[in-house]
Amino acid sequence: MDDQTRMMTGLTGLGGLQQADVGDPDSVRKQQSLGQPQQDIGDILQQIMAITDESLDEAQARKHALNCHRMKPALFSVLCEIKEKTVLSIRGVQEEDPPDPQIMRLDNMLLAEGVSGPEKGGGSAAAAAAAAAAGGSPTDSSIEHSDYRAKLAQIRQIYHSELEKYEQACSEFTNHVMNLLREQSRTRPISPKEIERMVAIIHRKFSSIQMQLKQSTCEAVMILRSRFLDARRKRRNFNKQATEVLNEYFYSHLSNPYPSEEAKEELAKKCGITVSQVSNWFGNKRIRYKKNIGKFQEEANLYAVKTAVDAANVSAQASQANSPATPNSGGYPAPCYTPDGRL
DNA sequence: GTATATGATTGACT
DNA sequence: AGTCAATCATATAC
């Protein structure tokens with residue numbers, strides 16, 4: 001309390017007011033009735049007006065004098081301390097912001113989609129696999145695939161250029177503010193901590209802008225993906241040669257039509273489709289064959305004959321029996337057919 | 001336009 | 001993880 005009174009005394013003294021004027025309301029009322037305060041205010045106003053009349057040199061000189069005052073550093077440090085204790089402690093509560101879970105989620109998603117990661121990231125690889133699984137002839141799927149990739153690359157490019165812009169703007173603005181504060185710290189009590197805090201505030205503001213960018217990028221990718229997934233449902237029949245290869249394998253392994261992983265890979269390669277497409281095909285084929293064997297008899301006979309002929313050719317060429325057909329031993333029911341190929 | 005064929009998806013099961 | 005069974009959605013044949 002005593003300190004405060006002393007400070008007040010010093011400060012009011014500058015304005016031409018006496019301590020009694022402040023401390024005693026009665027005397028203030030007395031003086032008001034006498035017209036004294038008006039005159040004091042007039043003096044103060046005149047002083048203020050006089051400042052504007054001072055030349056720049058004079059003002060600079062005064063500033064310089066103030067800066068060189070022996071008490072200045074001590075006074076500054078005291079003021080900084082007071083500021084830190086009051087202003088900073090009040091705002092300090094809201095300062096600790098935990099790592100934003102939303103921005104982390106967005107980051108993870110953008111990384112997974114291959115937007116924010118390295119160029120040929122997991123996202124495009126996943127897209128490639130999905131596009132390949134889209135079925136149809138390889139040319140068609142590659143068209144869809146490249147379309148998707150192109151659009152994703154576009155999103156990626158926009159995202160990165162925007163991000164770069166924001167980062168640049170952020171660092172430029174931060175530098176500007178820091179320079180300004182450092183400059184001002186010569187005449188105003190600004191502690192380094194305060195500058196730090198200001199920088200943190202700026203970064204927070206910019207990161208919220210960044211979050212908006214990330215959010216809209218995520219939305220764009222989601223829309224693209226959903227469109228792509230819709231397109232994936234647009235099924236194309238496999239070409240004749242592929243169906244033939246698959247059927248040949250199926251009917252020649254009718255007792256156990258479950259190709260191993262290696263066999264699936266081989267078939268996929270031969271047919272120009274993916275392993276999962278091969279799995280789908282065999283899944284569908286097994287269930288449909290089992291459900292309606294009669295319907296598939298003709299097809300089964302056809303491929304049985306075909307396999308037999310091929311086997312005969314191979315054995316004739318290699319003069320060694322090497323039939324790919326496995327004997328039918330209690331798997332799926334084999335078709336019964338007459339020698340002329342009829343049921 | 002309708003019926004059928006066919007590749008993909010999904011959920012349950014082992 | 002691989003498979004089955006039901007189902008969806010589209011392609012194709014008529």
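Every residue, even glycine, has its Cβ placed from backbone N, Cα and C.
A TrEMBL annotation is a machine prediction, not a hand-curated record.
Noted in TrEMBL for the protein shown:
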| type | residues | note |
| --- | --- | --- |
| DNA_BIND | A:231-293 | DNA-binding region |
| COMPBIAS | A:1-11 | compositional bias 'Low complexity' |
| DOMAIN | A:36-230 | domain 'PBC' |
| DOMAIN | A:229-292 | domain 'Homeobox' |
| REGION | A:1-37 | region 'Disordered' |
| REGION | A:320-343 | region 'Disordered' |
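Counting residues per DSSP class in helix, strand and coil order gives 45 helix, 0 strand, 19 coil for the domain 'Homeobox' (A:229-292). Per-residue pLDDT, averaged over the domain 'Homeobox' (A:229-292), rounds to 90.
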